[in-house]
């Protein structure tokens, strides 16, 4: 759907879209527009949407570029709450707001279980949507034959990611993440490891080292020549470079390779120091500007995953029970989606947005229209104490004081919403996640699919293995070496990273 079509569509519901996909309310929502109370308002809006659906035609050509946005832990409840939060940040009621990713015309659901778990982790799911096979939890880039923590079971059971296959096809490839570049989600793009926790050799058991397994940082350097790999990681602060801002164009030498802005994970957006740490929007923009120089196209993986102990910042916020941090990260990921849409064209770029898994996060309580997404339910609970609309099924927000549940208060950014079951960190949940797509072959994303289907659909769309000889694909490709940057800056930078870690340890 083009910009003008979206404008016409939104006009029926009192909203318009700015060129950067910010949705702005035309009338104050403190008193609801009279038009909403008439059947004609809703009937006309539905008619326009129906006309738009009938005019939708699949883009059957093959994709030159692929961008995969992955919101770690961004389940459907998180998306819905983020939509409301986005609208409220713009001064509106929030419920009618629309995320940029929600304008994508093709939608599917993905089943997230792994071979051994009903409720998955980010390593098993990453192997599915990046490598095209379901695997065991906590393993990276390996088939289900591999056993977690058993080094020798990795040998001969490696599976290649779509990023690796795109590189072999002559495309430029990149990773942008708000977590460490060796984390489970980006790690599945290049590593083959029996344990997601083998970040560096210092994190590996002696037996695994003796058996010949390599740490994930080593594999980042040696497995695939990744043109852009930005985020955080071991030794990151010692390698922190000057961030030039979103408007300045990096040269080949300045932008290529690994850039680490924090030693572990990037700070939450609400805590970020804009003078030292880039936003996910800025990193996405710069990555696209660099990767698109390749006439053969590119593959870019963008992840927002920020949680204590394990993952991107949406995920991290939920694990810590801090919903405001998690939802702000989801809003920022959506802004990155919008910016990517400005820098690319759906005529040659397939853009996919999904999540690896969901969380035991929900919002309810019969709240009134326009209530802050972080606000209190209108009535008190049976214990005569207030509670927030947002709650967690388990996690660190569980609390008992004086024999009962403490009354909830209006939260600040670090407020922990209450949880039903006491756990050190909140857990993932096992429901399906949404997949949204636009661009060439986006129509193959439909129905309810297994999560590993995502990698196959992207590979088919871009004529990557094992679909390189399908109808519509050229039999032979050659990389344009003249526009490629040397891999030497990456190797040198990683060597410094490892050295800094060894000195610090």
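Cβ coordinates are placed from backbone N, Cα and C, and glycine is handled just like the others.
Bear in mind that TrEMBL entries carry predicted annotations, made automatically and left uncurated.
Going by TrEMBL, these are the annotated features:
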type: BINDING; residues: 72, 183, 185, 303; note: Mg(2+) binding site
type: BINDING; residues: 72, 315, 319, 356, 357, 428; note: Zn(2+) binding site
type: ACT_SITE; residues: 122; note: active site, phosphoserine intermediate
Inter-residue Cα distance where the pair is residue 319 (Zn(2+) binding site) and residue 303 (Mg(2+) binding site), in Å: 17
Listed binding-site residues (183, 319, 428), ranked by Cβ neighbours within 10 Å, top entry: 183
Alpha-carbon spacing, residue 319 (Zn(2+) binding site) to residue 183 (Mg(2+) binding site), which is rounded to whole Å: 16
Other C-beta atoms that fall within 10 angstroms of the C-beta of residue 72 (Mg(2+) binding site): 33
Most crowded position, judged by CB atoms within 10 A, among 122, 185 as recorded positions: 122
Residue 303 (Mg(2+) binding site) CB neighbourhood, other CB atoms within 10 A: 32
